[in-house]
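Chemist: Below, the features straight out of Swiss-Prot:
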- 1-13: compositional bias 'Low complexity' (COMPBIAS)
- ALA2: N-acetylalanine (MOD_RES)
- 81-99: compositional bias 'Low complexity' (COMPBIAS)
- 129-142: compositional bias 'Low complexity' (COMPBIAS)
- 150-160: compositional bias 'Low complexity' (COMPBIAS)
- 162-181: compositional bias 'Basic and acidic residues' (COMPBIAS)
- 250-260: compositional bias 'Low complexity' (COMPBIAS)
- THR285: phosphothreonine (MOD_RES)
- 338-366: zinc finger (ZN_FING)
- 416-433: compositional bias 'Low complexity' (COMPBIAS)
- 443-492: zinc finger (ZN_FING)
- 611-624: compositional bias 'Low complexity' (COMPBIAS)
- 939-949: compositional bias 'Low complexity' (COMPBIAS)
- 1032-1041: compositional bias 'Basic and acidic residues' (COMPBIAS)
- 1045-1057: compositional bias 'Polar residues' (COMPBIAS)
- 1066-1087: compositional bias 'Polar residues' (COMPBIAS)
- 1243-1508: domain 'Protein kinase' (DOMAIN)
- ASP1369: active site, proton acceptor (ACT_SITE)
- THR1400: phosphothreonine (MOD_RES)
- THR1412: phosphothreonine (MOD_RES)
Amino acid sequence: MAAAAGNRASSSGFPGARATSPEAGGGGGALKASSAPAAAAGLLREAGSGGRERADWRRRQLRKVRSVELDQLPEQPLFLAASPPASSTSPSPEPADAAGSGTGFQPVAVPPPHGAASRGGAHLTESVAAPDSGASSPAAAEPGEKRAPAAEPSPAAAPAGREMENKETLKGLHKMDDRPEERMIREKLKATCMPAWKHEWLERRNRRGPVVVKPIPVKGDGSEMNHLAAESPGEVQASAASPASKGRRSPSPGNSPSGRTVKSESPGVRRKRVSPVPFQSGRITPPRRAPSPDGFSPYSPEETNRRVNKVMRARLYLLQQIGPNSFLIGGDSPDNKYRVFIGPQNCSCARGTFCIHLLFVMLRVFQLEPSDPMLWRKTLKNFEVESLFQKYHSRRSSRIKAPSRNTIQKFVSRMSNSHTLSSSSTSTSSSENSIKDEEEQMCPICLLGMLDEESLTVCEDGCRNKLHHHCMSIWAEECRRNREPLICPLCRSKWRSHDFYSHELSSPVDSPSSLRAAQQQTVQQQPLAGSRRNQESNFNLTHYGTQQIPPAYKDLAEPWIQVFGMELVGCLFSRNWNVREMALRRLSHDVSGALLLANGESTGNSGGSSGSSPSGGATSGSSQTSISGDVVEACCSVLSMVCADPVYKVYVAALKTLRAMLVYTPCHSLAERIKLQRLLQPVVDTILVKCADANSRTSQLSISTLLELCKGQAGELAVGREILKAGSIGIGGVDYVLNCILGNQTESNNWQELLGRLCLIDRLLLEFPAEFYPHIVSTDVSQAEPVEIRYKKLLSLLTFALQSIDNSHSMVGKLSRRIYLSSARMVTTVPHVFSKLLEMLSVSSSTHFTRMRRRLMAIADEVEIAEAIQLGVEDTLDGQQDSFLQASVPNNYLETTENSSPECTVHLEKTGKGLCATKLSASSEDISERLASISVGPSSSTTTTTTTTEQPKPMVQTKGRPHSQCLNSSPLSHHSQLMFPALSTPSSSTPSVPAGTATDVSKHRLQGFIPCRIPSASPQTQRKFSLQFHRNCPENKDSDKLSPVFTQSRPLPSSNIHRPKPSRPTPGNTSKQGDPSKNSMTLDLNSSSKCDDSFGCSSNSSNAVIPSDETVFTPVEEKCRLDVNTELNSSIEDLLEASMPSSDTTVTFKSEVAVLSPEKAENDDTYKDDVNHNQKCKEKMEAEEEEALAIAMAMSASQDALPIVPQLQVENGEDIIIIQQDTPETLPGHTKAKQPYREDTEWLKGQQIGLGAFSSCYQAQDVGTGTLMAVKQVTYVRNTSSEQEEVVEALREEIRMMSHLNHPNIIRMLGATCEKSNYNLFIEWMAGGSVAHLLSKYGAFKESVVINYTEQLLRGLSYLHENQIIHRDVKGANLLIDSTGQRLRIADFGAAARLASKGTGAGEFQGQLLGTIAFMAPEVLRGQQYGRSCDVWSVGCAIIEMACAKPPWNAEKHSNHLALIFKIASATTAPSIPSHLSPGLRDVALRCLELQPQDRPPSRELLKHPVFRTTW
């Protein structure tokens, strides 16, 4: 019995059974039972009731704690319950051993904190014995399951418990006498010493399930397990199923015969000696700090999922960590970079909370789950931020370590099937390696998975990690822009691969044979090609790697590869648009070089260079022609595909390649022309589809490209234009483009092709009227061609448009009908053609055809030609060949009603020689002088011959559709034309065709006809031209007689020459209608004075104006002199005075594609001409500067009226400050209030918009008038009376000074009051806020905005300095912007700075001063004498602030204002200027930031700088 008891005690669950045995420590060998009889005897002697009571108390405490805390846990831990005691009369020792394990103490194995578990060391896991794998009883497996009461202790077991308690406490286990509350406090104290990342790590480890402790099996064959199963099959089966049911843990290696050590299930973590807390019931994570609030998504579940999915697909890239809590995120474009700040949870994109860049960081960089509440918190606490970055850095550092050893081990073990790895290593690879493998399969730049089919690259010398090839190219571009060597974004080791960041030229050996000679030749002909080729040759495609060509394009690309090489062609199919653009630039370079070489163009040593080259034979004879033909054919085939690219920059590059090909391609014979036309046909078809692109820039550029093609040899796409002595015959001009439009019959369901062709037709009719309306240009009247044949081009286009009138696509139908009606209006003076258009409408009886016919008849009635059409006037015109040149409108048509618009009829009557188009009433100079004062309004309707316009529809201002088509003519017509001077910008004009190339102009067409729709341009542009007219208006009576009747009050030049509706109505539309008697004007040009030179009669560039179906006419002022001081009467015009002209937004071929021609061989006289031309350059520049300054001063001379608040008005001579009644009489000299104006009564204070030293600024509203104001409240109360007097005096000075200032760029004051202890300064409301506020909200300004604001700032400072006022505090926070964003006003005239210098408390103004110090001049900070130049220095600092959205000197990084003062005061150089500024603006900033005050120019002189003149 004693032996049995001793054996039971030695093999029981008591931790003390092994702890007391010297052989039992740590090794886990077989227990020796030599002391078992003595131990059993001691236990029996001490048996009594005390053991049972103590066991009952412990049981109650455990049950109490469990009942409180078990329900709070996400999953219930496993308790190791013992089996019921067996009978002492067991037939064999083995059942006795099994029964011995079922003592009354029921030891509990509580999973320890994961941070405390490790592979070695004494702990609870070693001291608490349990059955083998799966034998633990799930005491808390189900929350609602009632626990079975613990087995009653046997009498033999109780003394054993007493003896255990009397011995020393076991290692790592508290005495059971400790109160649970004390242990709870002890654990909480321990938790406060644990870092936040440790909590997160423990919590993550805890999710994997509790630790199941494995004992040392008594026998290696597991017989004890079998007997336990026989004793309590229910419990054993349930406990064995519990770990498997959780699915969190892999089976323990303890079951294997080799597993002879007791190890916990938390591998790889150092073990701590932490006391187990049985009452915590598995709660491992100590109490945490409260998380941040607002952890819920502000969007609906659907919207939340949509945003998350969008972020997970977004093409965003993690460029680098730029601060402790911030990342730099980039897009596909190297210019799109954003700073994301974690903690404040904001982003520099300023797109509001939870922008895509912030979510990218949270979801893909930090790898939060979409359901994580931290994702949707507006701010994160410091410990949460630290936790996120800790995880992020641990993930990155795990990848930086050289190739994953666990991965290697896994492969080795898989291949060798060896069992050399320890059980802990195996479990590590099963749990941690899966995570690490997932990390290694993720690109560290885009944070997305890497697939096998994607193009990947690898860090060869460093971490050996794989990355996306595309992502690495973006990282390489970032390194290049920062002028840094290319390094691995993970391990920072130097990138060995030359796939990226390479600038060497490719070797000619690698190039295809047809281009090899061209590449070698162009190296030596750089002087010929000019700087453009020198720059463009510095790119290479090798760093993009070999791109895969899609299988569907293999056959198509085969001939391209033979000509251009696999490398270039492969890049054309890249998914990265940057690669495609670079490939096209390379293609343009190669094509132009090959064509130049084939044409024998070089610097003169081409023979020697080609002879020494490997492909020298390719430069002679027919081989050149074959090379040229192959290159052109392959290039056209490529362009037909790439011109359909949806990316705008790639499309521009394609058009540049088209131009490079055409200008270097000769075309001398008709056969060559036909071949070139055939090759270009697919390219033109692709561009035609682009004419209807949804992107307005793309559509405008496409139309402009085809118009350049229509210009033939006079356009930018002239064939052989850059070849010396080419003599190319051209490709056909308008006729060729017409053939492309009409040649391929597009299906009616392909609306893109139809709409693109119609858009081009619409513009063709405007740009080339002489091609489609022969009556516009006077041709030889003796020609015998019938009218219908002369109009065959127009009829073919209208037939094409007529087919689409009933199209189901609304835009196609509308545009077709508009083209038809517009053309019908143009031919009203030619009844033959007009009747033909009516006949064409008779082919169908559909609704649209019927309606169009009615509208044409209405037009005929309007111009009174309906009867002539019905009577068949074509057959009764007395055989006059030029009858269509006659006016077919009665004289009474010139009379206008009040609603009608002015018309103009120009009579060119016949003389004995016929139509006297070459004989004018005065010399051409006289006519030019007379017409100098006549400008073209948006709807002038003068035609070139005896032509009158129909009466247009009544003016509809609400639609804002003043369509006008002005046509710039060149001196190529054979007859002089009386038109108005052209006011179009240079981009809308066409160079005159030289006499030598006039033969290319078929049918005496005017090549220079360029219609210019005149939309509402900026008032700044308007004033420029009005001033020009003011200077050019002749001082004689004739000019008064010729005062412009059709002129708008503000001429509106623009190159915006497309027909769609303008964005806003022309300002002149709101003018009053002129007197009807003055709205008709007839210029009778019969005279005896002759002008026989047909080319000399029209010396000025002039305009023919073609009315459309929606033409709107605008009357004008009677006088051509404009008073600039009274001209501005609209706040919008005043605010837009310095904005960029609207024409800058128009995209044309010249602005986007055309480049300067290579330098031609200069004549010997060139140098002399240059010297003569530049002799008076200085005088000319000075005159221009004075003119610019005069314009600037004149433009800023007037401004809007200031709102009036009655209670703030004072009589003349009275003080501006009105003292309220309840204010003490301690402030003499102020005006007593006649009407009270008190806060919260007569005016209401709104939100705070600014905070100063002793002042605060609020939005306010006047109750009586509703006027919005800004009120600056300044308290004047100080500690001493002397200080208070100084403050009051300074405030009075500022208020009185502001009351006398009146300038458009100076803030204006509505009034001031003194109420109680405050001065209230009421100033005008500037809704845009300060420049600093806009910079913080929207980021740095574009350069055009910086120039606009800088100019207005200089105007305001110039006004202040002329009035002997120094601002001393010019900075972004004191520059206010109005609601339009166009008007800048200077505010805060230094009172705060003076107050701050009066001796205030330490640090009281540190924040305000810190913002001011960065803008202060060095001499001011040094305490030296200063003057107006200190404001000029601040202007330079403001330019830096506006250009890069942060103050100069990196002031935001200085927390100590004294250090910043010392830095500026001791500076020997100016603050750094952003490198992206243009040379002009950079020069202005450098002038402002001269260290010596005397070297800085005055603000008035700076206004003369050319950077401000270019915007006029």
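Numbering starts at 1 and runs along the chain as it is shown here.
The backbone N, Cα and C atoms fix where each Cβ goes, and this holds for glycine too.
Help me picture these features in the structure, burial and contacts included.
Modeler: When Cβ-Cβ distances below 8 Å are used as the criterion, the zinc finger (338-366) is approached by residues 298, 307-308, 310-312, 314, 316, 318, 322-323, 325-330, 374-380, 382, 385, 388-389, 391-392, 446-448, 1337-1339 of the same chain, each at least six residues removed from its ends.
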Chemist: Roughly how many angstrom lie between the C-alpha atoms of ASP1369 (active site, proton acceptor) and THR1412 (phosphothreonine)?
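Modeler: ASP1369 (active site, proton acceptor) to THR1412 (phosphothreonine), Cα-Cα distance: 7 Å.
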Chemist: Validating a neighbour-count step here. Other CB atoms within 10 A of the CB of ASP1369 (active site, proton acceptor): how many?
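Modeler: Result for ASP1369 (active site, proton acceptor): 24 other Cβ atoms within 10 Å.
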Chemist: Averaged over the whole of the domain 'Protein kinase' (1243-1508), what is the pLDDT?
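Modeler: The average pLDDT of the model in the domain 'Protein kinase' (1243-1508) works out to 84.
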Chemist: Around THR1412 (phosphothreonine), how many other CB atoms lie within 10 A of its CB?
Modeler: 23
Chemist: When secondary structure is assigned with DSSP, how many helix, strand and coil residues does the zinc finger (443-492) contain?
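Modeler: Grouping H, G, I as helix and E, B as strand yields 13 helix, 8 strand, 29 coil.
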Chemist: For the zinc finger (338-366), how many residues does DSSP put in helix, in strand and in coil?
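Modeler: The composition, in the requested order, is 10 helix, 6 strand, 13 coil.
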